[in-house]
């Protein structure tokens, strides 16, 4: 019978490896330290704090039947001012009109929500976190590379969330609170949610969207009359459309390397279409809805003096100041709503930090014995100072970061999909029940056995080699390539198709050489 989380962490054999012949005093000291650690962990477990890290969830422990929760997780996580901020980039940075910005947002969200929603469906079937599943493409050690990239991306999103949340919180104080103080408050709340883990995070996400919706409805009621008369804009060019599209793609598809992290506790017999539909709807409504609103507001802000002043509050593009200006006609109530809006980023930060905690264990496999919640403290210690330092360059950071994220995640999606649809099908057993060790072509018992996993060489080669064509296809502030200069940024699209083709060929050679998948 499988152990529960509490039994597992109270079992000394799980925490103390065999040490051979040790001095008696060293053994006693180690035993006492381990005992204290087990008491702390056991107490936290009784309070509902999740300790499980990257270990696959056994079949009999995948018991969660509240499948609708995944809708609220994605909806609440993305239903906040960070999504609103991404939408403002269309008019503010790429000089697109309101209509053009909205069409780009709609198309790229429709496209990029798809792989995230699909990867979500693997969590209940395999009980694996997303980067653990990626070991079946990248290998035990090779997956460290995308794990590092995922850590960088996760930290980047957390930093952006802390900055925009801190700015928004500080905007209601008329200069009496610095952005730094606001960032600290936002980070502390997100830390609490991440520390507690799965149950608390899902509980918060079921309710956290309600006050945010009220705030945006009031803002629309107060300022909606201005949105029909946007400022004049230049005709859209292919370069501006595709470059903005790459940014939107990076915002949405960045969830793909984390997707199944949040679904490994669900019952394995849940219909995949149900999980995918819940996830796709939650992602689409929150991202596209608020990004479109952000684009509409940014297109008229220069024409409304109070909005424009709020946007430029503090000498930098200040989304919090813009929202506070929209809500200012209702006085102190407007300030209260602005405070609620500032807290909307905590769901996004906490969800991202949850995955960051898991990636630490993939980066250094020996850390698998350390409870997940410990890494939430480490992640916070990294995010907080970086958010404070970068707070006055929010827009430059947002624009450059989101575009760069899109490139590697697009490659990751291509590699994992080719592995799943081409090579894992060769490993499937007809009519195999999902309770057995091999599910969907993945032998779950191999998750931590390097010799039984792929070498990872084809995946890493397919990840790196396309940059010979991706780089000249870029069109961003950091770099404009010769192809991207004429076509706009097509690095995202090039990355997906070229990487997928390379992996298909190279992985086929590896399978033929090794004689096994």
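A Cβ is built for glycine as well, from the same backbone N, Cα and C atoms used for every other residue.
What TrEMBL lists as transmembrane segment is 71-97, 103-120, 140-166, 178-200, 207-224, 236-256, 277-304, 336-361, 373-395, 401-422, 453-470, 490-506.
Only sequence-distant pairs (6 or more apart) were considered; of these, at least three Cβ pairs between the transmembrane segment (236-256) and the transmembrane segment (277-304) are under 8 A, so the stretches are in contact.
Under 8 Å from some Cβ of the transmembrane segment (277-304) lie the Cβ atoms of residues 67-68, 70-81, 83-92, 96-98, 101-102, 105-106, 109-110, 113-114, 116-117, 120, 209, 216, 220, 223, 226-227, 229-231, 233, 248, 251-252, 255, 259, 311, 319, 322, 326, all in the same chain and six or more residues away from its ends. Same-chain neighbours of the transmembrane segment (178-200): 48-51, 158, 161-163, 165-170, 262, 265, 314, 342-343, 345-347, 349-350, 353-354, 357, 372-373, 376-377, 379-380, 383-384, 387-388, 391-392, counting only residues six or more beyond its ends whose CB sits under 8 Å from a CB of the stretch. Outside the transmembrane segment (490-506) by six or more residues, the chain places 137, 242, 245-246, 249-250, 403, 406-408, 410-411, 413-415, 417-419, 422, 457-459, 461-463, 465-466, 469-471, 473-475, 481, 483-484 with a CB less than 8 A from a CB of the stretch.
If one looks beyond the transmembrane segment (453-470) by at least 6 residues along the same chain, the residues whose Cβ comes under 8 Å of a Cβ in the stretch are 135-143, 145-146, 407-408, 411-412, 414-415, 419, 446, 491, 494-495, 498-500, 502-503, 506-507, 509-510, 514, 517. Listed as Cβ neighbours of the transmembrane segment (401-422) (distance under 8 Å, sequence separation of 6 or more from its ends, same chain) are residues 86, 115, 119, 133-134, 136-138, 146, 149, 153, 156, 160, 243, 246-251, 253-254, 256-257, 440-441, 459, 462-463, 466, 470, 474, 476, 478, 489, 491-493, 495-497, 499-500, 503-504, 507. For the transmembrane segment (336-361), the list of distant contacts is 53-54, 73, 76-82, 129-131, 147, 150-151, 154-155, 157-158, 161-162, 164-166, 168-169, 171-172, 182, 186-187, 189-191, 193-194, 197-198, 201, 204-205, 208, 211-212, 214-216, 218-219, 257-258, 261-262, 320, 323-324, 327, 330, 367-368, 370, 372-373, 375-376, 378-380, 383: same-chain residues at least six beyond its ends, Cβ to Cβ under 8 Å.
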